[in-house]
């Protein structure tokens, strides 16, 4: 009799697991460089698409990015819930001195090597392992085989998709969800970041692109309503970091004025965070010379502040330079990153940048969400980029992997903070009841 009772309990436990068809699907948007105050209450008056999301869902006051407040480190933090020193994607530019290979903002072939990506498992890989399909559009990294897995569909990133191409990707993502080709669709949008860099965070060019994005979002909301998907689809929109003004003619730190560049065997990146690998026997000399430089801090690896959650990263350099807000570190001014402004020559400075101390206000990002799992017209306290992973796992019914996010910071934005019963919880419940069943029968 006991074996039949045990079988009954197993069947009861399995019956509590929600069928995949019962779970709302998820549409994700990663908007690069979208600062939190781009959708302040005043700005929302002119952005009906964003306003729709706010009024029908959740808006956090702001989202603090991971350090450094750069793109690739935060792409991976958002999709793994881990600090950069834990997933090891610690910069847009990295170097492996043992193999003498580089990761150069995903543009070079070596950037696709597993060593840069296998430090953690992003959500789309976890879903594919669970036989739950994912479609991704221009999402950096979807083209990479991570832990021997790629998403079911990846429309590979290029620099940079037009508004028409982005609009089509949104339509295609929605269709992939409604036609049963995916349970999660993720779309990346870059132009807010591009115009913020080129013209500055409060430029008319950046504002115009925001209005174009808003129109696409408004059209999406209409499609969801017309297709009757309000109760079947969650929509989440977040950014990787913010943006601040830079004034290069006045606020440039030229390293050549302070150190002998012959003492450096490798330098990665420029701007707010710079990584240096001094030649053998030159570390102390270079460090002491850089300590005297104003408007920046220099850290030996072991002295990097704990709050950055950065120094334990595999590819962190012996010396890390961190500039004050608005200052730009470069070897010499001639190497400043210009853009050609539509001409054949480099004639224009950049006017916006990011990557600074992640606690600075201008580096803060945005998080919006609406759908059947989210409260309506709910303003949430600030969250961190590590927290987003747990939200996505909850609405998808995925057991989250170990991560650095906080559930207590985000649970109140959900209609039900308990979420779906997970397999682990149900197994624990079954094990607690099993001894009683053996006694009774």
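Placement of Cβ uses the backbone N, Cα and C atoms for every residue, glycine included.
Since the structure is predicted, the reported quantities are computational estimates derived from the model, not experimental observations.
When Swiss-Prot records 32, 71, 193, 241, 354 as binding substrate, the matching candidate from 92, 100, 257, 377 it lists for that site is 92. Cβ neighbours within 10 Å of residue 240 (Zn(2+) 1 binding site), excluding its own Cβ and spanning all shown chains: 29. Secondary structure at residue 240 (Zn(2+) 1 binding site), as computed by DSSP, is coil.
For residue 100 (N-linked glycosylation site), the count of additional Cβ atoms within 10 Å of its Cβ stands at 8 [all protein chains shown]. Each of the binding-site residues 197, 354 was scored by the number of other CB atoms within 10 A of its CB, and the lowest score belongs to 197. Close to residue 241 (substrate binding site), meaning Cα to Cα within 10 A, are the following recorded positions out of 71, 197, 208: 71. Same-chain neighbours of the Zn(2+) 2 site beyond 193, 197, 354, judged by a C-beta within 8 angstroms of the site's C-beta center, are, in sequence order, 32, 33, 71, 194, 196, 241, 243, 352, 353. Summarising the environment of residue 32 (substrate binding site), the number of other Cβ atoms within 10 Å of its Cβ, over all protein chains shown, is 23.
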